Structure formats: structure tokens, C-alpha cells
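**Q** One structure, as C-alpha cells, below. Some questions next.
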Amino acid sequence: MVKAVAVLKGDSPVTGVITFTQEKEGAPVTVSGDIKNLDANAERGFHVHEFGDNTNGCTSAGPHFNPHGKNHGAPSDSERHVGDLGNVKTDGNGVASVNISDKSLSLFGPYSIIGRTIVVHAGTDDFGKGGNAESLKTGNAGARAACGVIGISN
């Protein structure tokens with residue numbers, strides 16, 4: 001089993017800790033944790049971005065992790081970036097409890113997400129259905145509220 005963790009922070013008050021686990025190569029990755037200080041009763045875009053570089057805040061994390069050159073989509077779509085995890089939903093206190101199982105992510109091999117950045121966005125992901133070029137790249141999810149580099153853990 002491989003485990004990883006990311007501590008989310010940014011220029012906004014949004015914070016969180018997200019864990020990633022994968023039993024074996026080829027198995028789904030479980031993504032879990034809590035993200036706090038988001039807008040209440042909202043859906044916010046949640047993606048793995050290409051780089052583990054946060055030297056210029058979340059902006060330097062680059063675009064969504066997309067090693068296969070596909071358009072942006074929903075987690076259930078065949079046409080999606082590897083890093084497209086959809087939206088996290090917040091409760092009345094602005095807390096999103098994350099519990100995702102994703103078969104496209106990996107903690108093994110050349111497409112591993114370890115060393116990349118997980119980002120929670122300030123807007124809702126439209127799953128590439130927004131009818132414009134930006135939707136096919138980012139899902140129109142907006143600014144990067146918080147992010148963290150995904151690091152191997154024990």
C-alpha cells in the first residue's frame with residue numbers, strides 16, 4: 001500500500017488535510033479528508049494539478065494533470081484529465097468532507113500524482129460542459145482558493 005498527504009493552504013482562509021491511499025498498482029486511489037472555511041452549502045472544483053511547485057502560491061502548480069492530452073470532464077467521463085476530481089460539497093459551516101475513490105489516479109509509476117499539487121477552487125466545476133474553450137481546460141472552476149503538494153507518507 002502507498003499513502004500520501006497534502007496540507008491545503010493559500011491566500012484565502014481555506015485550509016485542509018487530504019490523504020491519498022492506494023492498495024496496489026492499478027487499484028483505485030482513495031482521496032479523503034476535510035477542507036474548512038469554504039463557502040457554505042456550495043460546490044467547489046477539486047483537481048490535481050501538474051506541478052508540485054507552490055513558490056508563487058497555487059498559481060505555479062500549473063494546469064490540471066493531463067498526461068493523455070484530453071479535454072476537461074467529470075470524474076465519470078472517459079474524456080477527462082487524470083486530475084479531474086469534480087466538485088467537493090460543503091455543509092452549512094463551509095466544511096467539505098472529501099471521500100472519493102478514483103480509478104484514473106495513481107500513486108505508482110510514471111503517472112503518479114505524488115509530487116504534484118491538489119487544488120480546491122473558488123468556483124464550481126462545470127465538467128467541461130460550459131460551452132466555451134475555458135470549460136474544456138479548467139471547467140470554469142475559477143481562482144485557486146487553497147492547494148498543497150502531495151507528499152508520500154507512512
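Cβ coordinates are placed from backbone N, Cα and C, and glycine is handled just like the others.
From a predicted model like this one, the values you see are computed outputs, not experimental measurements.
The Cu cation binding site annotation in Swiss-Prot covers H47, H49, H64, H121 and rests on similarity to another entry. What Swiss-Prot records for C58-C147 is disulfide bond, and it gives similarity to another entry as the kind of evidence. Annotation comment: Swiss-Prot describes H64, H72, H81, D84 as Zn(2+) binding site. Look at Swiss-Prot and you will find R144 tagged as substrate binding site, backed by similarity to another entry.
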**Q** Should any of the recorded positions C58, H72, H81, D84 have a Cα within 10 Å of the Cα of H64 (Cu cation binding site), which are they?
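**A** Of C58, H72, H81, D84, within range: H72, H81, D84.
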**Q** Taking C58 (disulfide bond) as the reference, which of H72, H81, D84, R144 (the binding-site residues) have a CA within 10 A of its CA?
**A** R144
**Q** For H64 (Cu cation binding site), which DSSP three-state class applies?
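**A** In three-state terms, H64 (Cu cation binding site) counts as strand.
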**Q** Give me the Cα-Cα distance between H72 (Zn(2+) binding site) and H47 (Cu cation binding site), rounded to a whole Å.
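**A** Distance (Cα to Cα, whole Å): 11 Å.
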**Q** Long-range neighbours only, meaning 6 or more apart in sequence with Cβ under 8 Å: which ones does R144 (substrate binding site) have?
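**A** The list for R144 (substrate binding site) reads G10, G57, C58, T59, A61, V119, V120, H121, A122, given in order along the sequence.
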